[in-house]
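As structure tokens, the structure follows; a few thoughts come after it.
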């Protein structure tokens, strides 16, 4: 069942298995730039949910609204609210959000380049108070990313793929319930993208950590997500299970590249400039 | 050539240079983590020295009690300055922030002169022996204390930034504020912490210099000496600050030696560091240890 949400959809009453519910939020930058215009989405506990859309649709802004990083960019949620695990977290300080169980893998990885891999991982556990278990968790991260263990130098010298793995491992160090991932495939070769997504799936399966995934690579994202949302101009325009979205003709054409048979140019509507009075 | 005088002056330079290094470290700490150029660094020294002196002389406390109390005072002072004056300025252009710290420097100077007077005062004798002989050199006990404390503070800095979780958080904030925030680091807390640390350590330096050469508003000159040290070492490198401090200290004394023995110009030592500053800026604009971004190939 696929539905096109023309009106900003009211989030359904909280069910038990909804971990994150974004309810009709509006985000304004610099007091006047309206970026999100009534966006609603829900993430089920233990799922991988994909959020897709073109550049500038507001995907990263959505993630920043959830994590609270919006504040440092002069942004604000002016309407609607975000509920995480039953509690309203809209316009919260980012450190409080991390403490309540949301980690973020930011766009462009954003690892601390002049610190070592180990220091980056330790930093990921900044909010934790159970010091004794941190060393175990570092070993656990190394077991998922064996390549990182061999790298003893500064994190800035890691390859792009390794940096992405470090960023994901670092986010795991906080033992989050939900990870917000912003374009983990950015700048990676197709083979590495596959590897990274394999790891994301594995983390989701092994730890039951919920993942909200923002991606440009729609095919890859929909192959590992269970549910997907399509964004345009600060709104959700389409949502459904990943399987439904993969079969949707529009999505095939706009995001997945081609809808099977090649279209003839004759069938494509061309927009001629209409004659005006001048 | 007067070898004895030369070694004496070089030892002097090393000790004073370490102290410059400590103050430069404070300056770099604030610049690195909060992007504020603190022109009031010198006044922090004066404040620490005066407060400690007042506790010793006016309140009659023994030095070993007055010293930790001064540090507590400086901690609170640093946090207050950050939260009240500088926090509202976050995101403002760098020039406004510089104007504010210059104003802070002037205001503090006047308030200090007003409360503690214009004349200089000296600490009562703190060490039982005034001089000790080391490898045939006569060294003031206070100088030895200065050296020991400087090294101690540096080791503490190193351990803090290398091993403690807050140290890591501060380094991360210095490198990428938003990324640090996304990991749960409270940037406001980090800012307050760096000002507190800077104020405390400046206070220690102020007290040391106060013991060695008396307390007066001229202590603030150290705050200006710190600039060549910091720029020689690189504005964002803590190791560079120490090395820069030592270089400036040695240079001053070397200039003093050359001047006193051969040139007889007088006051060469005050300008020598700035000549070096210019030369280093021409050769290495980032300073000796200033970082450039890692470029992956």
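Cβ coordinates come from backbone N, Cα and C, glycine included.
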Where TrEMBL places transmembrane segment among the ranges B:6-30, B:181-205: B:6-30
Per TrEMBL record, range annotated transmembrane segment [choices B:37-57, B:121-141]: B:37-57
Matching range for TrEMBL feature annotation, transmembrane segment, among B:206-228, B:229-251: B:229-251
Chain residues outside the transmembrane segment (B:6-30) and at least six past its termini with a C-beta under 8 angstroms from it: 36, 38, 41, 44-45, 137-139, 143, 146-147, 150-151, 153-154, 157, 194-195, 197-199, 201-202, 204-205, 208-209, 222-223, 225-226, 229-230, 233, 235-238, 240-254, 256-257
For the transmembrane segment (B:93-112), sequence-distant contacts whose Cβ falls under 8 Å of one of its Cβ atoms, 6 or more beyond its ends: 35-40, 42-43, 46-47, 50, 81, 85-86, 217, 220, 223
